[in-house]
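Undergrad: As listed in TrEMBL for this protein:
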type	residues	note
REPEAT	107-139	repeat 'WD'
REPEAT	150-192	repeat 'WD'
REPEAT	193-236	repeat 'WD'
REPEAT	237-278	repeat 'WD'
TRANSMEM	312-334	transmembrane segment
Amino acid sequence: MTVTCLAYGLQQTLSLKFEKEFAKNSERVKSVDVHPTQPCLDVGISAFKHISNLITLFQTIEKSFKVTETPVRSAKFIASKNWFVTGADDGFIRVYNYETTEKIIEFEAHQDYIRSVAVHPSLSYLVSASDDKTIKLWDWEKGWICTQIFEGHSHYVMQVLFNPKDSNNFASASLDGTIMTWNIGSPAPSFTLNGHLKGVNCVDYFDSGDKTYLLSGSDDFTAKVWDYDTKSCVHSLEGHSNNVTAACVHPELPIVITGSEDETIRIWHASTYRQVFYTLSHLFVHSIYLLLENTLNYDLGRIWAIGYVKRLNQYVYCFCFYYVFTMFLFKVVFGFDNGFLMVKINSSDGCDSPVMYVLFNNTTVGDKLVNPKTNLPIMIFRATA
């Protein structure tokens, strides 16, 4: 399936084309992580088989690891060591070398389910979050000892994530309805964000301009954007009809991606927070009629995890009057009830015109279209991907 989404403003046109690259059926996938330098991803399967799979971006299963008899809810690469680490419902952390398949260590880390693990970007630290309401800091250079315990949440801690701009800081999301931020070295939270009506499942950091924001997804069916400095909610993203289970801001595209137990994925503009629409087009002489959709649904059940691959390549895609559009290729991975899916995103950039630029699936080279806002013609030249 190929769909095209469009967003337009006064300064620049954003055109994104989403295309399903490959999907694999499996038991429930609760975690996906993409290796920062190698073309592979780590898939944590949380169901009856309880296996963590290493899969290349070329659709081939490289290795499969039987981790435990209980569900694996989080799996992350430790790229500097050629390791990956898992957290499971038995409360154990397990570490494997993904090159040799050797188990490096396993140890009991929590008294209840481990919901999330996060790897420090430069130091030998791992943080883990659990249904026992605690967050723990582990140092693998010191034999995986627990160097600090963070307490403050009153319900399950669903996710932890390091701040990419300040790696001494991390955030946590909890079913107590709060998001907390913490500093390594201090057992108490730096601040707490309240505003969701129900539990919070996920959290992400992102920057816009010179400001830092937090994004959260909740069982109240919304995602919220928080100003990191003022500690206030600046926008609520409403549209899902069930719990928002996964949310992230793409690091290179101006989009927010949310996934939900309503089995849909929604795309939002990261500046306006409006939903980005996907077009199914009908072309007529001198005009364009659009049937707009605002969700992605791949019939794989509820969405539990989102991962992304950074820009892969670029190429000139089309020429529109005096504007040359450059195309960038990205990939996003989703974990579902019934497997996982990789989606290819083509992004065009470089047009400073306020006109709305649309890519149509059935448009051919040399087609002449008319902009419905200005009645000016648009010439589309297609290049093969």
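First residue shown is number 1, and so on along the chain.
Heads up, the Cβ atoms here are built off N, Cα and C, so glycines get one too.
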Undergrad: Is it possible to list how many residues within the repeat 'WD' (237-278) are helical, extended or coil according to DSSP?
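TA: Looking at the repeat 'WD' (237-278) with DSSP, the answer is 0 helix, 22 strand, 20 coil.
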Undergrad: Would you mind listing the long-range same-chain contacts of the repeat 'WD' (193-236), meaning Cβ under 8 Å and 6+ residues beyond its ends?
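TA: That would be 155-156, 158-159, 161, 163-165, 171-181, 242-249, 251, 256, 258, 260, 268, 270-271, 273.
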